[in-house]
Each structure stands twice: as structure tokens, then as C-alpha cells.
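*Asks:* Next up is a structure, given as C-alpha cells.
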Amino acid sequence: MSIGSNFARLLKKQVSNINSQKKWTHSVAVIGAPFSKGQKKRGVEHGPTAIRNAGLLERLSKIGCSVYDVGDLKFAHVPNDALYNNVVKHPRTVGLACQVLADAVSRAIGAGHTCITLGGDHSLALGSITGHAQHCPDLCVIWVDAHADINTPLTSKSGSLHGQPVSFLLRELQDKMPIIPGFAWAKPCLSRSDIIYIGLRDLDPAEQFILKKYNISYYSMRHIDCMGIHKVMERTFDQLLGRRQRPIHLSFDIDAFDPTLAPSTGTPVLGGLTYREGVYITEEIHNTGMLSGMDLVEVNPLLGATSDEVKATANLAVDVIASCLGDTRDGAHMIIDDLPTPSTTYESDNEEQVRI
Ligand SMILES: [Mn+2]
């Protein structure tokens, strides 16, 4: 690392200390997005309720956030929502849901909140990132996921839009994007160097081609094995924040975790993040002081084999979000500026005098 970049890091650390102090009193908006039409399995629309029931709001209050709960958004099912190109499912319904979410996120960010979207499936990230970018055009994105979700409507084999949101967001891919019903409102707001993936381990051939051709940065599970999560995060911030401070959007798919930790999700893939790796990612993101919005998606309470599995997955989602907002493994959640001193009344007690 050069002296220049060491200096930049030092400066960044100072800025981040100031910012993380500010975050203690920062207000957080929580938006429930009970939406499942971006994929095929029933149940992911119950994700927001499962995460709330696992104590999210109480946990955030406990660590000093002032929480503004927007409640759950209402999504309409568009009638006669025919397949696009015989493959892509529910395009108008997904497009409309993302538009509704984009408006809600834009309002929350505009009102000065750090915005948390509870999914719902990952197609929603098109809405949350677009809404976020309306107020923060220099936004960058950290996408933590087993999958790259970057198929275009023309490369997708499953037709599920939760595997495609990133293709709508990237400017460089627009000449490969067909005009698809329901998405006329969506304008790409990211360039290829504005996004970094962490945790990938299941890429379709077209996705692998896109990542290579457009030189999109990613750290797969293999990279994490090779260099460790510490180095991965250092490189992530060097690329995204090395030259300037800018708002971060974290899009966190619970399937990034190993299925032993997060079994209640639609597309689990073996060999995922450990608990410690996942929480390290979010602690480091908090420490930048630049987190401005996030998604926590794909918790599906109908897919657990037992109620314990469902609870474990929802609890993990709460841990991830709390850690993004300042919960630490070091314990010090609230700022304490002094220790209690024994009172003078006590000092003057008889017992105390006898001891003297
Ligand atoms: Mn995903």
C-alpha cells in the first residue's frame, strides 16, 4: 500500500470516527416489502414479519438508533401479466412493486433516514437502489449474495426476476436490455465500478461472462478462502471509497450465509459465509460511517424444516442489520462518558466510619 493510500485511510478513519459518533443519534427508517413475485417459491413475502418478530425494532432502539417504522408496503398484482419472451415471469407486477419501493426509499432517504428495506425477494433491490440513487447519485453498492443476480431478461433460464435486478441497474448493460413491460420507469443508476460482490459461489454461464467482459469486481467464496475476509473488505473499500467518500448501499441476500446458518431461504448453496465472516462484513461497513441504505432479502419462513430453523434465519437477519447500524462484538453499544462514583452519603455511613 502506498504512503498516499495510507494517508487516505488514516483520514478516512478520522472521518469515520466522527460519522460513527453521528450515527448513534441517527434515525433509521424500516420499510417492509412483502413481495415474492420475483421468484417461484411461496413464503418470502412473510420475510418482513419474521424479521420484525425476531425483535429487529427493539434491537435497533437498544443500540441507540431512533427508529421510524414505515410499516409494510402494499403491492398490487397486475392482472393479465403475461410472460415476457415466453420466459420472464410477472414482469409488470415486479416492475410496479419496484417502482412503489423506489418511491418509499426515496422519501425515507430524502427525509434524512438511513433506510432499511426488509424483503421480500431480491428483485426489490432494483427499486431500493433506484430510490436511494435519486438522492445520492454517487452511490456505491456492496452486494452480498451467493448469486450475482445479473442475468438479463434475455439470458435468464429460470425467468425469475430476482436473478436479474443488477442488469437493470448497470449503465454498461443497457444495449443488451430489451424493453420489458413494467420497467419503463427504471433508469440505470450505476456504473460497473460502483458495485462489488461478496460471497458468490453459484454463477450462470451468462453471468460469469458479464462479470468478466465488463470487468465487474467480485470476491467469491474462493477469494474469501484465499485472502480472508479482512483483506476482502480492505480491497472493497479501497476500490469504492479510496478516492472519495460516498454513500454505500448494502444489498444483503441471506443466502450469502452457509445454509447451516440460514436454512430458510429459496436458493441455498453450500459453502457460504460463516457467522463471523458475515458479521465482519457488516461491522466494517458500519465503521466506514458511509452506510446510507440497505436491503435484507430472501428470508422465507415457509421453507424451514423446523421452527428452530426459521427462527435461526430470522435472528441472523436481525444480527446482520444491527451490526450494520453499530452493534458490536466488543460490547460498547451506548456511549458512556464516566463511571459511577460512590456517593458521599454512603461514605458518611456509620459502617464506613468504622472501617476508617
Ligand atoms: Mn440475491
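Keep in mind that glycine also has a Cβ here, set from the backbone N, Cα and C atoms.
I grabbed these lines from TrEMBL:
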BINDING   HIS122, ASP145, HIS147, ASP149, ASP253, ASP255  Mn(2+) binding site
*Asks:* Return one of helix, strand or coil for ASP255 (Mn(2+) binding site), based on DSSP.
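*Replies:* The residue in question, ASP255 (Mn(2+) binding site), is helix (DSSP, three-state).
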*Asks:* Ranked by the number of other Cβ atoms within 10 Å of their own Cβ, which of the binding-site residues HIS122, HIS147 ranks first?
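*Replies:* In terms of Cβ crowding, the pick is HIS122.
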*Asks:* Count the other Cβ atoms sitting within 10 Å of the Cβ of ASP253 (Mn(2+) binding site), across every protein chain shown.
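*Replies:* Taking every protein chain into account, the count is 27.
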*Asks:* Taking the centroid of the Cβ atoms of HIS122, ASP145, HIS147, ASP149, ASP253, ASP255 as the Mn(2+) site, which other residues of that chain lie with their Cβ within 8 Å of it, listed in sequence order?
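*Replies:* Result: TRP143, ALA146, ALA148, HIS162, GLY163, ALA256, THR267, VAL297, GLU298.
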*Asks:* Three states by DSSP: which one describes HIS147 (Mn(2+) binding site)?
*Replies:* coil
